[in-house]
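As recorded in TrEMBL:
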ACT_SITE  D35  active site, proton donor/acceptor
SITE      H67  site 'Transition state stabilizer'
BINDING   H95, L96, G97, N98, G99, D170, C171, R172, G218, I219, G220, E221, N222  ATP binding site
SITE      R128  site 'Transition state stabilizer'
BINDING   E273  Mg(2+) binding site
Amino acid sequence: MHPGSPPWHKPRPTSWAWRAAQSIFKGLPNVVVFDTSFHQTMPEVAYKYAVPQELYEKYGLRRYGAHGTSYRFVADETARFLGKDKKDLRMVIAHLGNGASITAVANGESRDTSMGLTPLEGLVMGTRSGDIDPSVFGFLAENANMTIAQITEMLNKKSGLLGISGLSNDCRTIEEEAAKGHKGAKLALDMFIYRLAKYIGSMAVAAGGLDALVFTGGIGENSDIIRERVIGYLGFLGLNIDQEANLKARFGNAGVITSADSKAVAVVIPTNEELMIAHDTARLSGL
């Protein structure tokens, strides 16, 4: 973990679980899988911030990304599902859950991703704001008498779908209440979808084009409503929804959800981060 990680994203090696495992499984090899590792192939133009470079050199101030374990698994599974070599696919993968991010993959490698130094950057999420003008810290300190810690907690734990709707961070609740006409829920859903569609366009640039748009994660795998509305923004990329296929691709079912006349495919691929970590553990342990 980089030194800039917020407290809720730093490992706690002294926790009871860690100590118990060390005690029970004495002599077994320890394997650590970093969720940022997949993104180490990002080019400098993608991972650096436009700030004085001494901050990068001294403190590691740069974009690291997250959900890398999921992206590695899903990139492999997408290629297998489509019967292609992943190195021949330009993919934009959206990992959508309470925490959400999106990644451009080309030649089987991460080219750019939406999360940055911390998981706060990028998409609208369950309780995280995603992209926001950094001047919000000075503005709220001056006008609302908030401390850096209070603002940071607000942006991470009280914003996103929860903050916009005033109801919940659960996308299922937001969809249900939006359908009933709740204005806050409708706005939250609209903002989530718009930000996601906008990021898909930018990630297609990072990937050098688009062969496959991939939805994964709890929301990505199960919300046919969000997928349909997002693809509705993406006709300019040659994507057209197949409504029947979109409805079928839920609850653990993989599937192509775009029509045959689409220039690229959109596909739902369930993720399995635990299996990816198990494979890594076996490989690194020589099993």
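For all residues, glycine too, the Cβ spot is worked out from N, Cα and C.
Bear in mind that TrEMBL entries carry predicted annotations, made automatically and left uncurated.
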Cβ-Cβ distance under 8 Å, sequence separation of 6 or more, same chain as R128 (site 'Transition state stabilizer'); the residues meeting this, in order, are G99, P119, L120, L155, N156, K157, S159, G160
All chains considered, the count of other Cβ atoms within 10 Å of the Cβ of G97 (ATP binding site) is 18
Cα nearest C171 (ATP binding site) among recorded positions (D35, H67, E273) -> H67
Quick note, E273 (Mg(2+) binding site) and H67 (site 'Transition state stabilizer'): C-alpha atoms separated, nearest Å, by 9
So the residue listed as 'Mg(2+) binding site', by the Cβ count within 10 Å over all chains shown, scores 19
DSSP says C171 (ATP binding site), in three-state terms, is helix
Between the C-alpha atoms of G220 (ATP binding site) and H67 (site 'Transition state stabilizer'), the distance in angstrom, to the nearest integer, is 14
Across all protein chains shown, the one of the binding-site residues G99, G218, G220 with the most other Cβ atoms within 10 Å of its Cβ is G220
In chain order, residues whose C-beta lies under 8 angstroms from the C-beta of H67 (site 'Transition state stabilizer'), counting only those at least six residues away in the same chain, are D35, H95, G99, S101, T103, T113, M115
Expressed in angstrom and rounded to a whole number, the ATP site built from H95, L96, G97, N98, G99, D170, C171, R172, G218, I219, G220, E221, N222 spans a maximum Cα-Cα distance of 16
